[in-house]
Structure formats: structure tokens, C-alpha cells
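Quick notes on the structure that follows.
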Amino acid sequence: MVAASSRKRKGKIRWSKLYSFAACFRPLTSKERLAARELIGQPGFSRVVFCNEPHLHKRKPYKYPYNYISTTKYNVLTFLPRALFEQFRRVANFYFLLAAIFSLFSLAPFSRASLIAPLVFVVGISMLKEAVEDWHRFLQDLDVNNRTVKTHISNGVFVDKLWKELRVGDVVKVNKGEYFPSDLLLLSSGNEDGVCYVETMNLDGETNLKIKRCLEASLCLNEDEEFSKFKATVHCEDPNPNLYTFVGNIEFEKESYPLSPSQLLLRDSKLRNTDYIYGVVIFSGHDTKAVQNSTRSPSKRSRIERKMDHIIYILFSMLVLVSLVSSFGSLLYLRQDMVDWWYLQLPDDNKFIRALILYGYLIPISLYVSIEVVKVLQTMLINKDIELYDDVTCKSVQARTSNLNEELGQVEMILSDKTGTLTCNQMEFRKCSIAGVSYGGDITEVDLAASMRMNADFEPFEFSIDETDGATRSFEPFEFSVSSFSAQNGNARLTKTEGPVIKGFNFRDDRLMNENWIHGSNLFDITMFFRVMALCHTGIPLEDDNHKTDKLSYEAESPEEVSFLIASQEEYKLLNLLEFSSSRKRMSVIVSNEDGQIFLLCKGADSPLKPPYHLCHVFPLVLILSIIFDRLADNGRAYEQATTMHLSSYAEDGLRTLAFAYRTIEAAEYESWNTIFTQAKATIGPEREELLEQASEMIEKDLILLGVVAVEDKLQKGVPECIDKLAQAGLKIWLLTGDKRETAINIGFACSLLRQDMKQFHLSLSRDAESNNQVKDMKEDILQQIESSYKMVCEERNKEAPFGLVIDGKALEIALRGDVKDEFLQLAVNCASVICCRVSPKQKALITRLVKQYTGKTTLAIGDGANDVGMIQEADIGVGISGMEGMQAVMASDFSLPQFRFLERLLIVHGHWCYQRISKMVLYFVYKNVAFGLTLFYYELYTSFSGEVLYDDWYMTMFNVMLTSLPVIALGVLEQDVSSDICLQ
Amino acid sequence: MGVIFIPVGLVTLRASHCVVEIVDRYDIDCVPEPSRMDKVSYIQDDSIPKNCSRFMKVHKYMKAPIYIYYQLDNYYQNHRRYVKSRSDKQLLDGQKYHDTSSCQPVESNNNRPIVPCGLIAWSLFNDTFEFIREGAELKVNRKNIAWKSDRGHKFGKNVYPFNFQNGTLIGGGKLNPEIPEDLIVWMRTSALPSFRKLYGRIEEDLDVDDVVVVNLMNNYNTYSFGGKKKLVLSTSSWLGGKNDFLGHACVFVGCSSLTLAIIFMLLHVKYRRLDRSVELVGLGIGWGASLERF
């Protein structure tokens with residue numbers, strides 16, 4: 001066991017070495033880098049940081065803020081004026097303020113107290129609510145600001161320092177599992193090679209770890225003592241919200257080194273798999289990219305509330321009208337009759353203002369308060385709804401702001417995050433096809449969704465089972481057991497599937513579960529298949545310190561790989577690793593086994609390609625996006641046809657597919673290739689990528705196809721049904737994800753966002769435009785694509801087929817610019833579902849805002865990670881999933897749900913009810929006040945418009961606030977025009 | 001609703017019909033023929049005696065107590081300026097309470113406060129009535145004509161008129177050393193420009209065809225603003241005086257709700273087969289839409 005663990009540790013270091021050349025996950029092109037270097041010192045790139053000399057940053061011009069952040073709306077001084085201003089922005093409140101002021105000048109028909117008291121009451125309650133909400137924000141900030149971090153003071157001594165006291169230039173030491181207190185420049189890490197792993201879930205929602213790598217020059221700074229004399233100067237860009245760029249250079253020991261984003265550790269991300277790192281604070285507090293990225297939480301007002309202002313304007317004009325009539329009437333009386341009314345003795349004074357105040361009862365002062373009370377009660381009802389209770393997490397729906405209940409019923413656009421929102425963020429190994437035979441056939445949720453989609457219950461699915469079974473019998477009469485297989489392979493450890501259910505492994509097939517598989521005819525292929533599965537990955541085996549068992553937990557760059565890891569494990573000597581990149585869409589490892597045999601194991605994201613729509617009927621064949629299939633040797637195509645079929649059927653079920661292949665390499669061939677590859681790897685500069693790609697190309701050929709695996713990105717419970725219902729209810733759903741396009745599309749299919757009968761448009765930058773990096777070219781490129789797609793939409797609108805739009809982050813960035821924006825939105829709005837992949841948090845927020853502005857419809861954004869905060873705040877309604885990822889999304893949201901599927905009931909039932917209730921209540925309220933106010937007016941007809949009041953002052957004051965409030969509130973809280981079942985139909 | 005309202009209305013109407021009421025407008029007839037061209041100067045001329053006799057014939061048996069009201073029409077006792085011109089504190093505490101600013105414009109005279117101050121008291125109704133039947137005077141009980149609460153709590157026992165009706169402008173009646181109940185009645189201002197105020201009670205029955213002679217002093221000036229003065233003799237039922245309005249209103253409401261009920265029932269029978277949910281959702285949209293219209 002000891003030996004095993006030490007081997008593992010060695011393994012870990014080795015893995016990180018392998019990684020070192022892939023450190024920049026999106027390296028800048030050479031041109032960009034050169035341009036960036038020239039920019040330093042220019043406006044926008046003027047920041048200078050004296051590392052380890054924070055005292056220099058206390059005076060101008062290098063004075064930067066402390067690392068203190070504040071998200072509160074008010075402070076002690078500004079609370080009163082600002083909150084009052086907010087209150088009196090409401091028309092009704094302003095009117096009553098005026099009335100109260102007039103009452104001081106004895107013009108008013110009522111006593112002063114009876115005018116001022118309700119106003120104070122109403123405004124007071126609202127302000128109290130604001131104050132409490134802000135107080136909670138303050139406490140939250142306090143908590144964050146008072147976290148501590150080890151900071152260097154002098155002579156290599158590190159002491160705990162509060163986050164808020166951190167200054168630019170401070171050297172800090174962050175330990176494993178801690179959050180970075182601000183944006184840090186990575187100096188060195190606990191790993192020898194200066195690599196560290198960072199989880200950026202809070203920033204972009206991706207759960208995979210990112211690799212950051214320090215400069216060679218600062219590698220030696222890996223002990224506390226080293227920092228006693230450390231001095232360096234950093235010149236870099238000014239604070240900006242762009243998460244993926246960083247330009248700067250560091251002057252260290254009289255030499256200047258360029259810096260890139262891979263040296264920048266961002267606030268709100270977390271150190272993982274690395275014992276500790278040393279870093280220098282570059283941006284602090286509000287300058288950090290994370291804070292710059294966060295949008296200020298706007299105070300949201302529901303549409304009804306805005307409408308209410310209109311109602312009040314109308315009432316107000318009615319009031320003015322009635323008052324005018326009154327004062328004219330009074331004037332007439334005064335002129336003609338009243339002269340003779342000896343018992344009055346003298347003429348009268350200003351009638352108009354008095355009348356304005358008198359008929360003030362047309363304006364419901366307590367409407368706002370009552371609505372607020374009603375909303376709070378409605379919120380309680382929503383929170384207590386047992387149907388919205390999740391047994392698993394023991395959480396229920398939380399309406400965090402009560403302002404937007406009725407808005408739920410008005411939602412027309414849903415913008416959803418993917419990871420953690422629609423999916424559980426768990427990958428499951430579901431099916432595989434080895435040597436032309438398909439294994440694994442449980443009914444997946446995705447299958448269910450797929451069959452539901454086809455409106456034919458389970459028939460198509462059963463059909464597919466039959467088909468595979470039939471095929472199996474003819475090809476493969478033997479049964480396998482995964483566990484015995486692993487035993488055969490000696491050092492491979494495979495967790496027994498008979499044991500407790502393993503997360504990420506949802507694979508049941510008796511043919512691979514029994515003992516006799518060894519007698520299979522294509523034993524070699526199967527062994528090879530599992531070998532590829534086991535070796536061709538970037539997973540990092542990690543000892544699970546917490547559980548002290550010999551189970552391993554896995555951390556990997558992409559969650560789907562974790563599931564492969566769990567499915568099979570083996571150790572070989574790794575010779576080379578050919579990185580996965582989005583352009584290559586495949587990765588390979590070159591390994592040698594104990595016999596010295598060298599294999600190239602290759603894994604590629606082969607997936608069925610949707611043929612152009614109009615060709616669909618002509619060629620019923622499935623085209624394969626050939627990554628591996630193109631590179632097969634002639635003798636490697638034995639299973640091509642069967643595998644292709646399986647591949648397409650898996651993909652149709654919404655599973656993510658990967659194809660496996662291998663080849664044996666002669667030692668001599670390997671040697672010669674390896675020199676080329678090593679050379680390419682050693683190259684620094686712009687050609688490196690290209691050289692590496694060429695080298696890979698050379699060796700990845702003449703492959704022998706083994707099979708494909710299908711991994712399910714596990715959907716949350718009830719997601720497809722929920723989306724289906726919502727789509728039926730006429731809501732448009734957009735998927736905004738930071739994930740890869742393939743992943744996004746797969747999930748789109750899995751959760752019935754995309755359907756086979758949908759016509760898809762893909763918007764992405766063409767390679768030429770991208771490489772030129774010319775905004776104008778890119779713009780034209782995108783514009784052209786949009787126009788051609790839109791033309792198609794217009795032409796085919798009458799046909800039944802709905803449209804789906806898929807767009808990636810870079811294209812989106814161009815598409816959302818000023819002049820292209822409108823065309824893009826026009827196209828997008830006409831599509832039934834839109835999928836945006838590779839989008840940054842800021843883009844999510846931007847899309848949300850644009851959609852909201854462009855369509856003018858109520859938008860709802862739902863997400864679970866901190867990367868969704870922007871869009872949650874931007875949307876009319878923000879919903880946070882209180883799942884596993886942090887609480888940021890929930891804190892920023894208006895509603896929090898434990899599961900996506902509750903959205904259906906929340907929107908359709910509660911949204912409907914709340915809207916009904918509030919509208920009825922507002923109408924009732926207006927009716928009641930108009931009815932009451934008009935009696936006053938009618939009475940004026942009998943008092944020669946003198947402004948005498950029919951009722952007692954206090955009775956009138958109480959009328960709204962107390963006497964008639966209960967029935968209205970009861971209506972607002974409890975009314976159900978239709979039962980929930982009918983709503984859901 | 002209809003079932004409740006119609007009977008109630010009918011009962012109310014019946015009660016109202018039981019009340020016997022004699023109304024006599026006297027403001028014009030009590031001005032002598034020659035002065036009718038200029039009634040205002042007649043009424044303002046103190047030298048002319050204002051005696052006047054009226055004959056009221058009882059057309060139906062009237063059971064005691066018979067209430068005597070005077071009715072004023074087109075008299076805006078509810079005018080804001082008029083209503084406000086009083087001092088409740090002074091009426092309770094008398095001269096001890098000095099702040100009479102609320103009584104404008106009749107708050108003081110010769111720099112001394114007026115008790116009771118204000119327009120209302122100043123314009124006190126001052127016609128008087130005497131009733132004679134068959135040569136014998138009918139006894140008129142003028143006690144307990146004001147609200148008990150007013151007598152007990154609003155008007156102080158030890159409040160005496162002071163400096164009252166001493167100004168250049170003389171309004172209505174003058175006051176004896178004591179505050180009469182008339183003033184208390186008068187100061188409970190009426191809500192409508194046409195109102196009756198209780199003068200007293202006759203505590204004898206009046207038979208059919210009795211003729212009551214009323215000797216009245218026609219002092220009060222309603223001529224300048226075209227007001228009317230009427231004398232009313234009325235019995236009362238359990239519901240109070242003669243008032244058909246309540247009964248009519250009840251019957252009307254009852255009838256309309258019955259009618260509507262029948263119409264809706266017919267509609268329901270006719271459209272019963274409609275899908276309930278559709279109907280309801282339709283209604284719901286209606287509500288939303290009605291709000292949208294704002």
C-alpha cells in the first residue's frame with residue numbers, strides 16, 4: 001500500500017509535467033502577443049506593481065485600493081437620502097408627500113396628523129425592508145472581507161492577514177482548497193515545475209480544473225525564506241473585466257519577462273490539487289476581474305409595479321379633473337349665489353389645492369404597502385409549497401425577493417445555464433460498442449426524453465434494444481465481466497460493479513458482467529478497447545485523504561473523462577501525450593507496456609454529422625464527423641459499418657460519443673517521430689502549435705478502429721419533461737453555456753431543446769476570419785451567415801419545422817456588436833431554441849440584456865454558478881439553483897430552486913396565480929378607492945363645492961390603511977381562479 | 001339577495017307609509033302682500049311686527065308624540081367655512097377658553113371673545129311657533145330635543161352667552177342668559193342643504209279634521225338667498241320619520257339581483273357543456289387584460 005501510494009505521488013508529478021506544454025489553454029497568437037507587448041505603458045496598460053513592496057502603493061501615483069469589497073447599496077450616510085429618494089420616486093408617495101406639505105399650510109381639508117401618519121407608516125415600512133436587505137448584504141461582505149490569508153511581512157515571515165487589508169504588491173501564500181483573495185500573479189507553487197490547478201467554477205461555471213503555470217524565472221521562489229529579498233516590478237494592463245486576457249511583463253533580477261493569462265490567478269477561483277502557491281497581488285478589491293465582471297445588483301421592478309404607476313397617473317389625472325370641476329363649481333357659486341349667503345359672511349380661498357387633497361382618496365396610498373404585504377404572503381405560500389420540495393437536498397423553493405411573484409406568470413423567455421442547471425454535472429458511462437457489438441442498454445432519461453419527443457412512447461426504444469440484441473446474438477454469444485477482465489490485466493484495479501452504485505458508472509450489461517468473456521473471438525479488441533479507455537485521458541489520480549480508503553477520487557480536465565477512469569484503470573509507461581484541442585477533436589497517448597511494445601491509443605470526438613436539411617430526404621445515410629474514421633488503416637475498418645450505426649443511434653439518444661482506435665508502432669518509427677515531436681515541443685513562439693499539430697498528424701494514422709463509447713451527461717430529474725411543458729406553454733428557451741459546442745448540442749438534444757426535426761443553424765467564425773483577427777472581416781463573416789440563415793427562416797416559416805440556432809462565444813462576441821446586433825437578434829428570436837456555447841459570464845449578462853431590450857418581453861435567467869450571476873441579475877427574474885456549486889447564484893437570484901424541474905410549477909402554477917391575484921387585487925384596490933373617493937365628490941355637489949368632508953378625518957385615514965385592507969389582502973393572497981392541476985394541463 | 005332585499009324593502013315602505021306628516025311652507029305667505037316685492041327689506045326691518053298665523057288641517061289621526069320640525073331648504077349648513085366656524089372647546093368650557101381663532105369670522109367683538117362664537121351660533125334660527133287647537137293651547141315639550149350626547153358631553157352646563165350678537169352685523173336669534181337646547185340642535189350642522197331640525201314635541205293625539213292654528217314669529221331671513229322655510233308636524237314609526245327612499249332602494253336592489261340571477265341561470269343552462277377549464281382560463285385572461293388596459 002505504501003509503495004502504491006508513493007507510486008501514485010510520482011505519477012501525479014509526472015502528469016503535471018506532461019501538462020506543462022499545454023499550460024495556456026488558449027494561447028495568444030504571436031501577433032496578439034507582440035501587439036500586447038507594445039501596448040504596455042500606453043493608456044489602458046499603465047498599471048505598475050512593485051512586488052513585495054506594498055508600502056509603495058500607499059501614495060500616488062501608484063495608489064490602488066485595498067482589497068476591500070462592498071456590494072451594499074447604501075452606507076450609513078447615504079441610506080436616508082437615497083432610500084427616501086427611491087421611495088418618493090413612486091408617484092403615489094410623491095403625491096402624498098406634497099399633500100403632507102400642503103397640510104402644514106392649513107390649506108388641507110384634513111388635520112395634519114391624519115395626512116402625515118399614513119405616509120410615514122407606508123414609507124417607513126418600505127424603507128425598513130430596504131434596510132434589512134442591505135444589512136444582509138453588508139454581513140455577507142463582512143464575512144468575505146474578514147477571511148484571512150498568509151501574507152509576507154518581512155524577512156520571509158508570513159502572517160495571517162485579513163483579506164480587506166491586503167494591498168497591491170503583497171506576497172501571499174494560498175493553501176490547497178482556499179480561494180484566492182484577489183487577482184494574483186503566480187510566482188511558484190508546491191509542485192516542482194511551478195504548475196498549479198485552479199477551479200474557476202465561480203467565474204465561468206466550468207468544473208474542470210485549469211492549469212496555471214509560473215514563469216521559469218520565479219520557479220525558485222518556493223520557500224517562505226526566499227521572499228525576504230524578493231523584489232520585482234510588474235507592468236500590466238489596467239483593471240478590466242476580461243477574464244481570459246492579461247497582458248503585462250515582469251522585471252525580475254534586471255530581466256524582463258512577458259506575462260500571460262496563465263500566470264494570473266483570479267479572485268473567486270480556488271486552488272486545487274496543489275499544496276500551496278505563492279503569488280503577488282496584482283489587482284485588489286474592486287479592481288479584480290471577478291468584481292469587475294459582476295454587475296451591480298439592480299433593483300428590479302415587476303411589470304405590474306411599473307403598470308401601477310400608469311394607473312396612478314390615470315387616477316391622478318382623474319383627480320385633477322374632479323378637482324377642477326370642484327373648484328370651478330365653487331367659483332361659480334362664489335360669484336353668483338354666495339354673495340347673498342349672509343350666514344357665511346365672507347368669500348372663500350384657494351379651492352383647487354384643497355380639492356386635490358380632498359380627493360386624494362382616489363389615490364390608494366396603502367396600495368404599495370398592501371401589495372408588499374400580499375407579496376410577502378404569496379412568497380410564503382410559494383416557499384411552503386410541498387410540491388416544490390426536494391427530498392434529496394431537503395430544500396424547497398425560496399423566493400428571495402417578493403417583488404417579482406406575479407412576473408413569474410409573464411415570463412416568455414428563459415435563458416438557462418447548462419452545467420448544474422439542466423445537468424447534474426455528472427457524467428455517466430452508459431454504452432459502448434466494441435468491435436461492432438453494442439453493450440449497455442438501460443433506459444436512460446435521455447432515452448425517455450427521446451421517445452417522448454417522438455410521441456410514440458417506448459416503441460422506438462424497444463425497437464433499438466431488439467435490434468442490438470439480435471445483432472449481439474449473431475456476433476457474440478459470450479458474456480463478459482468487467483471485473484474479471486481487470487483481474488486478467490494484472491495491475492488494473494476496477495471497482496466491482498456488483499458493489500454499491502458508483503457515481504459516474506451507470507452501465508449494466510450482462511454480457512460484460514459474467515465470467516466467460518475471455519473466450520470471445522475478439523478478445524484482443526476488447527482488451528485494447530479497455531486499454532484505450534484506461535490510458536488515453538488527462539485524469540489525475542488523487543488520493544482521497546478524507547476517507548482513508550483505497551478508493552481513488554479523480555480530478556480531470558473534463559468531467560466525461562472521469563467516468564472513463566472509473567470504468568477502467570491500468571498503468572502503463574506513458575511516452576507521449578498528444579493534447580486534445582478543439583481543432584483536432586482528438587487526443588492520443590503513446591504508451592509502452594512491460595514487453596516494450598509501443599501503442600498509440602487514440603480517442604476522438606466522432607459524432608454523427610447532421611446533413612444539410614434539404615439533403616436529409618435525399619440521402620438517408622448518416623454522415624459521420626470523421627475524426628478517427630478518416631485515419632483508419634485499411635485493415636482497421638473491420639467494424640466500421642456496425643460501429644457507425646451504433647454511433648448514430650447513441651447520438652440520437654443524446655449521448656456524447658467518443659471513438660477509440662489504436663495502432664502499434666515500431667520502435668524505430670517511434671524514435672524518429674519522437675525527435676520531431678520533442679523538437680516541436682521545445683519550440684517557443686508562434687509556430688509551436690502548428691508544429692505540434694503537424695507532428696501529431698504524422699503519427700496518428702493507420703489506426704485500427706476499436707469501438708465507440710457513449711457517455712451521458714446526466715440530466716437532472718424531470719428536465720426534458722419540464723422543458724417540453726414550458727415549450728408547450730409558448731416559452732422560448734435559450735441555453736447559454738460555457739461548454740464546448742458539441743457538449744451543448746448534445747445536451748440540447750437530450751433535454752428536448754433541439755429535436756431531430758428541427759432545422760439547425762450554426763454560427764461560428766470561419767477559420768480565415770479568426771486567424772486574421774480583423775474585426776471587420778469577422779463582422780462581415782457573421783453578418784453573412786446571419787443573413788443567409790434569416791433568409792432561410794423567412795422562406796420556410798410557413799412549414800412546420802421549427803428552427804434551432806447554435807452560436808459559439810467568439811461569433812457571439814461579434815454578433816452582439818452594435819450594427820450586427822439587430823440582425824442577430826432578429827434571427828435568434830425567430831428560432832424556437834437558441835444555444836450559445838463558450839460564452840463568458842459577461843456575455844451571458846449581455847445577451848440577457850439585449851434579449852430583454854430587443855424583445856421587450858419578460859425574461860427569466862436560471863443558473864447555478866457564480867458565472868451566471870450577471871445574467872441572473874440582468875434578467876427580469878433571476879433564478880438560482882441551490883445545488884452543489886456555491887451560493888453566489890442563489891445570493892444574486894430572486895428565486896432559488898433545488899431542481900430545474902420545479903421551474904414548471906413555479907412558472908405555470910404560481911406565476912399564473914400570483915399574476916391573477918395581483919391584478920385582481922390592484923383592480924379591487926382601485927375600485928375601492930375610486931368608489932370611496934367619488935362619494936366625497938358627490939357630496940361636494942351638495943355642499944356648494946366648499947370642500948367640506950363627508951367623513952371624519954381619522955375614519956378616512958383608517959379606511960385604506962386598516963378598515964378595507966383585509967378583504968383585499970385576502971384576495972391577493974388566496975385567490976385561485978383555477979386549480980393547479982388545470983394550470984399544468 | 002333578492003329574497004332578502006325585497007321583503008325588507010316592503011316592510012320599510014310600509015313603516016314609512018304609517019307615518020303621518022303635515023308640511024306647511026310659510027316663508028312666502030307670512031310676508032304681507034305689499035312687502036312681497038322686497039321680502040329682504042321686510043325681514044330686515046325690525047320695526048315691523050313679524051306675527052303670522054297658519055292653519056294646519058289634520059287629515060289623518062296622529063298619535064302622540066307628534067314631532068315639530070322646521071325645515072330649511074337651500075341652506076348650506078354644510079359649507080366648509082360655516083362648519084369650521086365654531087369652537088367645541090369653548091362650548092364645553094365657556095369663557096375660560098380664550099382661543100376663539102377657529103370661530104372666524106365671528107370670533108370676537110370689541111376685542112372680547114364671543115360666547116358662543118362662530119358663524120353657526122351667530123346664525124341661530126329664531127322663528128318661534130305656538131300651537132292652538134280649538135281655542136286651547138297645545139302644550140309643546142321643548143326639552144330633550146337635542147342629542148343626549150351633545151347635551152351631556154359637548155356643551156358645558158356652566159356656559160353662558162357673552163358678548164353675543166353685539167356686533168354691527170346681527171345674524172340670527174339672540175340668546176337668553178342660558179344656552180337653550182335650540183342652539184344645541186342648531187349647532188349639529190346638517191349634512192345636506194335641505195334639512196329639518198326638531199323644534200319640540202306635542203304630547204297629545206291629534207284627531208282627523210282637527211285644525212291646528214300656528215302662531216309664529218317669522219324672524220329668520222331666508223329671503224336673501226332664496227331659501228324656503230317649512231313647518232312639519234310628523235308622527236314616527238319604529239323606523240323614524242317618513243322616508244320612502246330606503247324601501248324603494250331595497251326593493252330595487254332586490255329586483256335587479258333576482259333578474260340577474262335568472263339571466264345567469266339561463267346562461268349557465270345554455271352553455272353548460274363548455275369545457276370548464278377553458279371557460280375559467282378565459283376568465284383569467286379577462287382579468288389580466290382588464291389590468292393591461294390601464
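Cβ from N, Cα, C; glycine included.
Listed in TrEMBL:
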{"type": "ACT_SITE", "residues": "A:D417", "note": "active site, 4-aspartylphosphate intermediate"}
{"type": "BINDING", "residues": "A:D417, A:K418, A:T419, A:E561, A:F580, A:K603, A:R656, A:T737, A:G738, A:D739, A:R838, A:K844, A:N867, A:D868", "note": "ATP binding site"}
{"type": "BINDING", "residues": "A:D417, A:T419, A:D864, A:D868", "note": "Mg(2+) binding site"}
{"type": "DOMAIN", "residues": "A:49-115", "note": "domain 'P-type ATPase N-terminal'"}
{"type": "DOMAIN", "residues": "A:890-985", "note": "domain 'P-type ATPase C-terminal'"}
{"type": "TRANSMEM", "residues": "A:91-109", "note": "transmembrane segment"}
{"type": "TRANSMEM", "residues": "A:115-132", "note": "transmembrane segment"}
{"type": "TRANSMEM", "residues": "A:311-332", "note": "transmembrane segment"}
{"type": "TRANSMEM", "residues": "A:352-371", "note": "transmembrane segment"}
{"type": "TRANSMEM", "residues": "A:922-942", "note": "transmembrane segment"}
{"type": "TRANSMEM", "residues": "A:954-974", "note": "transmembrane segment"}
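Features as recorded by TrEMBL, highlighted on the structure.
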residue	record	DSSP class
A:D417	active site, 4-aspartylphosphate intermediate	coil
A:G738	ATP binding site	coil
A:R838	ATP binding site	coil
A:D864	Mg(2+) binding site	coil
For the domain 'P-type ATPase N-terminal' (A:49-115), residues assigned helix / strand / coil by DSSP: 35 helix, 3 strand, 29 coil
Long-range Cβ neighbours of the transmembrane segment (A:115-132) (under 8 Å; 6 or more residues past either end): 73-74, 79, 83-84, 86-88, 93, 96-97, 99-100, 103, 108, 357, 365-366, 368-369, 372, 957, 960-961
Listed recorded positions among A:D417, A:G738, A:R838 whose Cα sits within 10 Å of A:D864 (Mg(2+) binding site): A:D417
Greatest C-beta neighbour count within 10 angstroms, which of the recorded positions A:D417, A:D864, A:D868: A:D868
For the binding-site residues A:T419, A:N867, the one whose C-beta sees the most other C-beta atoms within 10 angstroms: A:N867
Residues that sit under 8 angstroms from A:R838 (ATP binding site) by C-beta distance, when 6+ apart in the chain: A:T737, A:G738, A:D739, A:K740, A:R741, A:D808, A:G809, A:K810
Residue pair A:N867 (ATP binding site), the residue listed as 'active site, 4-aspartylphosphate intermediate' - Cα distance, angstrom, rounded: 9
CB contacts for A:G738 (ATP binding site) [other CB atoms within 10 A, all chains]: 26
Per-state residue totals over the domain 'P-type ATPase C-terminal' (A:890-985) - DSSP helix, strand, coil: 70 helix, 3 strand, 23 coil
Arithmetic mean of per-residue pLDDT over the domain 'P-type ATPase C-terminal' (A:890-985): 82
Alpha-carbon distance [A:D868 (Mg(2+) binding site); A:T419 (ATP binding site)] in Å: 11
